[in-house]
């Protein structure tokens, strides 16, 4: 038994699936025991959270609010991915490099400060929230993609040119096709960012509901059990969607994991 546990504390060691599963179960059990044993006035108990979750589904229509928020995030991600990839790939042309640079610096702007501008530019609550989400995602997506493009080794370009490819073919083979697996990783990272900014954006415009207004209302009246229940659901849905993106990467680009050690 000790020989199986010892590798868990050795860097870069390999462990079989059963040992990893046992380790995770034990850590979760210890966490729950500490949680139940603590009598904090800030953190509700798991039982209180479960009861609050039931009330939210029955009285506050939590399932519908979740779908509203999830669809908003997915729609904004789809639009932002298309815009971001076009901008990032365009930076291989010198004329468009300053545009990519300026857009990447937009990640230091706050969405609350820009809400008035987008309110004047859009015609309704739905388009306002979508526009804010697309902007928030795009600035981070472009930053990550430009970094990937700039980090391509020179020898890959030289190799493509020795195969008598013109510059457009080099871009297609090296930048676009050759970095598709990294695009999926950027999607996973920026999706996590968009998922965390979702409640903020929905709090700016509450007319169409969503998980954001529901969370803010529960927080306003200090219903901490409901707040933690909603946070747990947000965490769970985020993990599931992140896992789904990872599975899509494995399905469409199975070669991406061939060179990974673990």
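Even glycines carry a Cβ here, placed using N, Cα and C.
Given the ranges 20-38, 39-57, the record in TrEMBL names 20-38 as transmembrane segment. When the ranges 76-96, 160-180 are checked against TrEMBL, the one recorded as transmembrane segment is 76-96. Among the ranges 206-225, 226-245, the stretch that TrEMBL annotates as transmembrane segment is 226-245. Remark: the transmembrane segment (132-152) makes no contact with the transmembrane segment (20-38), by the rule of 3 or more CB pairs under 8 A. Sequence-distant neighbours of the transmembrane segment (76-96) (same chain, 6+ residues past either end, Cβ-Cβ under 8 Å): 103, 129-130, 133-134, 137-138, 141-142, 145-146, 149, 171, 175-176, 183, 187, 190-191, 194.
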